[in-house]
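Here is the structure we will look at.
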């Protein structure tokens, strides 16, 4: 029982939430249309949380992921305004994300700047660029339909956003769990000094983890922009704390308590179901926040109860 | 055991909330800016009007997060509410979700928003007129000559119109120049504006370096007033827009805030509720955009004499 609670407590809490909402509002919550809604709603957060997971695996934090998401989206829309084709706008957004990630990686892995400080600084610079590029305004005109289709279309009834999420999280999970690179990242996160002693390229791999995080965060920003059809230079910032909350919840779903992609997805799904279900029920916003916080604490406590019992 | 307790708590919360929802037609009010006093005022005024119509109202605030706002609009659409009311948001920023709500047969009404094909009616003030009225008043306070600081937030469609009015007034008054500006962060607008003005004052230490602060709405004006007080700077006048009760108290108290332009937020909510009632009973709105009246509030209009 203890082992079950330890391994599946977080999953149990998620299933309990789904069951609770399905009983309370069966027609609205437990409908196919709402399931498709939910899958679309969690996509951007799931991808940003994946970016955060990459750097948490190597024992670091990246506080710039939300800012990077904003910059990629703003850059794409500014380029649309200048008549650029969709592929170029997307490439520019992704390149900006990778560049920000590289800056983070070099500062942390080569120059030894603590990741909290380095990524906050880079994030602040990035937010300045996004602000400058957008002029502080919301941008929503001249967006090619082929771009918004990335976030709004569906393939055989499955939302395109869901396919993006499956692709990104699937690749990230494979990379972290099955590849040599992923195993090296875990080794660095477990004990960087030991990894260095056995000859692993610690600085290079840490830098690459940040580059991947920047790239993935930029993709999340572009998909959010495609979903909304509008951008604001602050649009990604709200994703930072929920992303890390999801990664932390995700660690409770791992036997060793380490960041992992399936766990991160579970954390995102819990946050998504709570927000979706409580809104459908019509719970006031202050109650929503209290319930969300309480459920996150409960998920972690269940996990701890499993460990200590 | 803890699992059971958690389960019981979740189910009790859900069932309790469902029971509370039972009365009347359900109208969902959504906004990313409930932390702004005036947005909260509109939401409260709408709730009061809704009670007269026996509607059940739930309010959703996403704390400045447009992505979350889009998701919550999808949620209430899935919940098949009778109507959606969006406050202080240009529906074009979440066009897909608003269009889907309309397609699902759910009327969408905006208060302090913008006209949109998917929206039945937008009830607002003419924000350009608000901006022009306040700017004219503020420029007169400094004799149509001097240096000003701009506190703005262009992401809000109404605020953007006020900024355009300021731009036009600056072109028409070349003796008034802009020495600094700050994009105010929301939420946390008062503290953010205060910090920005603190820094701008430090960068412009001469007594006549700044003559006025143009605040796109009252909360940044309040932040500017706090910064001016803390710096001991006198001779700088501040004006905002909205008729925020705290700003009016500060005008009465002879602070640096010398005026505000009151939007009829309560009236907007009343007009929106009346139009929505018409829509829900099968009618159509009078127009797709309706304006509530505005009023300039100054020391003079409040009967205050300052030293």
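Glycine too: its Cβ is placed from the backbone N, Cα and C atoms.
What you see is a predicted model, and the numbers here were worked out from it, not measured in a lab.
Looking at A:208-228, A:229-249, the range annotated in TrEMBL as transmembrane segment turns out to be A:208-228. Taking every listed stretch (A:40-58, A:65-82, A:88-109, A:116-133, A:265-283) in turn, the largest tally of C-beta pairs under 8 A with the transmembrane segment (A:153-177) is reached by A:40-58. Here the transmembrane segment (A:40-58) has long-range neighbours at 65-66, 69, 115, 159, 161-162, 164-165, 168-169, 172, 176, 182, 185-186, 188-189, 192, 205-206, 209-210, 212-214, 216-217, 219-220, 223-224, 227, 236, 239-240, 242-244, 246-247, 250, 258-261, 264-265, 267-269, 271-272, 275-276, meaning same-chain residues at least 6 beyond its ends whose C-beta is under 8 angstroms from one of its own. Here the listed stretches are A:65-82, A:88-109, A:116-133, A:265-283, and the one with the most C-beta pairs under 8 angstroms to the transmembrane segment (A:208-228) is A:88-109.
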